[in-house]
Structures are given as C-alpha cells and as structure tokens.
C-alpha cells in the first residue's frame with residue numbers, strides 16, 4: 001500500500017515537470033526566435049530547416065529600422081510619455097486612494113463604486129468623443145493628448161487603496177494630535193511606508209502606457225510623434241515587409257520591458273497577488 | 001477638525017476631475033452621439049436610426065459573431081489552462097516555483113502590438129509554425145489566409161499572451177486556501193482529482209468570476225491583435241467589434257455610427273458580466 005503511493009507520487013511529479021516543461025518551451029521559445037530574427041536577414045525567417053541560430057545582421061537591421069521609423073525619436077516619445085504618465089498618475093491615484101481608505105466623507109462609497117464600475121466600460125466607448133475633444137481644442141498630436149486621458153486609472157486607485165487600508169489609523173490620529181496638517185501627514189508619514197505599493201502600482205502604470213496602442217494610433221498624426229507600438233504597427237508593409245527589421249523592432253519593444261519586469265517581478269507579482277486576493 | 005473634513009475632497013479632487021473630463025463625459029457623449037447623424041455640416045438627432053442601420057449591416061453581424069466565436073473558445077481554454085498550471089505550481093512537491101511562475105507570466109509583459117506582429121511572422125504560409133508542423137507530417141496550414149484558421153490563429157495568440165496572467169490570479173487565490181482543508185480531505189480518503197473538484201474549484205469561484213469578467217471585457221474590446229495580425233481578414237473573417245468601431249470612426253469618419261457600435265459593446269459587457277455573476281457568484 002505504502003509502495004503504491006510512492007510510485008504514484010513519482011509519476012505525479014514526473015507528469016508535473018513534463019507539463020511545466022512543455023509550457024515553458026511554449027512561453028519562452030517565441031522570444032528566443034524573435035531575438036534570432038533580429039540578427040538575421042528577412043528571408044532567413046522562412047527557411048527549411050528553420051533558422052534557429054543568431055546571424056550577423058544585427059547592425060544592418062537596426063540601421064534599416066532607424067531609417068524607417070527613426071528609432072531614437074520613437075523611443076524618446078514612448079519613454080517620455082510613459083515616464084511622465086507614471087509620475088502624474090501615481091500622484092492622482094495615491095492621493096485619491098488614501099482618501100478612500102482613510103477618511104470617512106460624504107459620497108465616498110458612491111464615488112469609489114462609480115470609479116470601479118467604470119473599469120467595466122470598454123475603452124472604445126470613450127474613443128470617439130476623446131478624439132473630438134482633443135481635435136476641438138487643437139490638442140491632437142501632442143504629448144498632452146497621449147498622457148492626459150488615462151491619468152485617472154481606477155485600477156491603480158484600487159491597488160493603492162488596498163495598501164492604504166492596512167496602514168494603522170492610530171498613527172494618523174497621533175500625528176493629528178501633534179498638529180500636523182493632512183498633506184504633511186500624507187507626504188511625511190504615510191507615503192514613505194508605501195514604497196512597495198508605489199513600486200507595484202508604477203509598474204502597472206508604466207506597462208499600461210508603454211504598451212498602449214489604440215488611442216495613440218488615433219491621436220497621433222505625424223511620424224515624429226509616434227510611440228513605439230504605433231511605429232511598430234507601420235512596419236508590416238502592404239507589398240514588401242522587411243522581417244529582419246520588424247523583428248528588430250519587436251525585440252526593442254520587448255526586451256527592455258522584459259528586463260524591467262524581471263528586475264521588479266517580486267513587486268509586480270505581489271502587487272497582482274494582493275489585488276486579486278481582496 | 002474643520003481641516004479634516006475638507007481634506008479628503010482635496011485628495012480626491014484630481015482623480016474626480018480627470019475622471020469627469022476624460023471618462024464620464026466621453027462615455028455620455030458617445031451615447032448621445034449614437035443617436036445623431038452628421039448631415040450637411042452639422043449633427044442632428046435621428047433617434048435609433050444608427051441602431052436600426054446596424055440591424056441590416058452584414059459586416060456588423062460578422063464582427064459580432066467573430067467576437068463571440070473567439071470569446072466562446074478562447075476564454076474557457078485559457079482559464080482552464082491557467083487553473084491547471086496554477087494548481088500544479090501550488091503543489092508542495094514542486095521545486096523552481098518562482099522560475100516557472102515568472103517564465104509563464106513573461107508573455108503577458110509584451111505589448112499587444114509586438115506579440116501580434118511576432119505571431120504574424122511565425123504564422124506565414126512558409127513560416128516557422130508550418131515548418132515545425134511539417135516534421136510531424138502536418139500541414140501546411142493556411143493560418144492567416146483561411147477564414148477559420150485566421151480565427152484559430154487569433155485564439156492561439158491570445159491564449160499564449162494571457163494564460164500566465166490568469167494563472168497568477170488563480171495562484172493568489174489558491175495560496176489563500178488553508179492547507180488543512182486538503183489534509184483533512186486526504187485523511188478522509190479523497191484523491192487529488194477529487195480534492196481539485198470539491199475544494200479547489202469551490203474556493204476559487206469568486207476569482208474565476210473575476211478572471212472571467214476581465215477576460216470578457218478584454219475579448220469584447222479585441223482590437224490590437226486583429227489589427228496587427230490579420231487586419232481583420234481574410235475578407236472580414238477576423239473583423240471584431242473593436243476593429244469595426246475604429247474603421248467607422250477613423251477610416252470612414254462616421255463618428256455616430258462608430259459610437260452606436262461602441263454602445264453595443266458596452267451593453268454586451270454589461271449583460272455578459274451580469275450573466276457571469278448569476279452563474280458563478282451565487283453568494284455575493
């Protein structure tokens with residue numbers, strides 16, 4: 001009887017690793033192939049047997065990509081837009097989340113519920129009026145148009161609020177008794193203890209904006225204002241596509257964010273776990 | 001004390017103002033716009049005319065049915081896979097958990113545009129997928145040029161991108177199930193499979209609902225993948241509601257009609273979320 005359970009456990013274990021191994025290959029292999037592609041010429045992506053080793057076309061693909069989309073400018077746009085967005089959205093969401101978590105005020109629950117419910121409204125329902133609004137004020141094709149519309153990001157408020165809820169209210173009370181103002185309390189006492197939560201939230205905000213596509217596609221008119229995803233999507237030509245150049249573009253869009261994620265994954269995953277649990 | 005009373009309003013003001021201007025107003029404006037039509041240089045109220053036009057619009061029905069086909073296959077496949085992976089990764093016996101967790105989540109980090117383009121290269125007629133399939137005597141499959149396979153391509157790509165994401169959500173919930181429940185069950189003689197169905201699944205119900213609704217909203221908004229992977233083709237085989245809103249709004253500049261399509265999506269999200277609540281969330 002005992003013997004049988006042991007073999008069963010063995011089988012179970014082997015089965016688990018085989019399953020995980022298969023999924024590992026499926027998850028990772030496309031990334032490897034992407035990197036291989038970025039160092040090879042266009043036709044190497046369609047050979048038989050398939051090209052699975054790195055080639056010598058790295059610089060050529062990079063130069064071609066730069067000639068087509070102006071890689072410096074596009075990267076600057078994406079970094080500038082995402083960076084500014086993270087800072088501003090973090091301010092907006094942490095202040096709001098703090099109020100929702102630590103104050104009892106009229107309308108609190110109603111406003112919070114509306115914000116959370118708005119996450120269910122498809123983004124596309126706002127797309128056309130946003131476009132008309134930006135167009136009416138001459139704001140299309142500006143950084144403002146790229147940054148402003150999603151600054152109030154309910155998911156970030158939700159995430160921050162979960163963390164503020166855990167902050168001991170007694171600390172706030174004693175600071176108030178000492179005569180500290182509310183903003184001072186927030187900045188000097190509450191925020192410093194929220195670094196992990198701020199890190200997790202800023203990762204979400206950064207990824208959201210870095211990968212944002214539909215709105216920039218609509219709001220941007222000229223190539224010098226393209227963000228990375230918009231520039232990428234222009235690479236698949238109607239008649240001829242340079243796949244080496246495209247793979248280089250996909251790699252540049254993917255590798256930095258992957259490194260960013262791998263470095264911060266602890267915060268990222270704990271942020272997700274925290275949000276999903278409550 | 002007076003300051004304490006006003007302080008929360010200062011704290012929420014930026015968020016509320018931004019929300020009113022950039023979310024609430026557009027949502028309402030879009031609804032209003034869907035009852036109007038642009039004629040002779042100005043908008044006029046036309047009631048439900050845009051909606052009745054939708055009824056007779058074959059592209060709209062194609063987009064609707066494509067969206068549903070993708071939804072019906074993709075979401076369950078993905079959630080089941082995610083749940084299996086999460087239960088395996090939650091096992092006490094397993095080593096390298098952190099490594100697997102991070103690796104499976106990695107596809108969810110990439111931009112929708114980047115991964116769509118990556119798949120579009122792999123799925124070409126003489127691309128990597130068909131090349132690998134030929135070794136096991138299958139194919140070549142016309143992934144992107146056949147109406148059915150193009151949908152399969154989108155489903156495969158989405159599953160690759162999002163399974164790890166849902167797995168993490170499920171994993172979080174699994175870690176909240178007390179180990180004692182499993183111990184008690186195995187003392188009572190319940191096997192692993194039995195435990196999965198009588199402990200894991202019931203405990204995961206609220207999270208399954210959460211993940212299901214997120215995926216529903218995501219699928220109904222599907223845009224980046226068909227735009228970059230198939231351009232909605234071949235024909236309109238992968239036309240989605242999201243893509244159709246974009247086409248109407250920004251290729252034909254028919255904002256009113258585009259808004260009507262957008263509101264169909266709003267209603268669908270609301271209805272489907274409600275149905276999922278009814279089916280999954282019997283308690284809350």
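Note that Cβ sites are derived from N, Cα and C of the backbone, with glycine treated the same way.
Just so you know, TrEMBL annotations are computer predictions that nobody has curated.
Positions annotated as domain 'ABC transmembrane type-1' by TrEMBL: A:75-264. The transmembrane segment feature in TrEMBL is assigned to A:14-35, A:74-98, A:110-131, A:143-164, A:185-208, A:243-264.
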> Under a Cβ pair cut-off of under 8 Å, which of the recorded stretches A:14-35, A:74-98, A:185-208 contacts the transmembrane segment (A:143-164) most often?
Replying inline: A:74-98
> Sequence-remote contacts (6 or more beyond its ends) of the transmembrane segment (A:14-35), Cβ cut-off under 8 Å?
Replying inline: 52, 54, 247, 250-251, 254-255, 258
> Counting only residues 6+ away from its ends, which parts of the chain sit with a Cβ under 8 Å from the transmembrane segment (A:185-208)?
Replying inline: 82-83, 85-86, 89-90, 93-95, 98, 102, 150, 153, 155-156, 159-160, 162-164, 167, 171-172, 175-176, 257, 260-261, 264, 267-268, 270-271, 274
